[in-house]
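Peer 1: Dumping what Swiss-Prot says about this protein:
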BINDING   Cys24, Cys27, Cys40, Cys43  Zn(2+) binding site
Amino acid sequence: MARKALIEKWNKTPKHSTRAYTRCRICGRPHAVLKKYGICRICFRELAYKGEIPGCKKASW
């Protein structure tokens, strides 16, 4: 239940725009969020390995 309450809280627009911050759309993690995709690095890595992010592949050099 606490998770549902937090999700509802994040979806509301804040009173002042400076209070808004990025959170992962999948797990809700507040840190290490990639703005381009809107997800955290951990979720990004999982989705990239599954091939669910188009145009993304593992780097090797």
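Just so it is clear, glycine is given a Cβ too, placed from its N, Cα and C backbone atoms.
From a predicted model like this one, the values you see are computed outputs, not experimental measurements.
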Peer 1: An 8 Å radius from the center of the Cys24, Cys27, Cys40, Cys43 Cβ atoms defines the neighbourhood of the Zn(2+) site; name the other residues of that chain inside it, in order.
Peer 2: Arg25, Ile26, Gly28, Arg29, Val33, Ile39, Arg41, Ile42, Phe44
Peer 1: Tell me the coarse DSSP state (helix, strand, coil) of Cys27 (Zn(2+) binding site).
Peer 2: coil
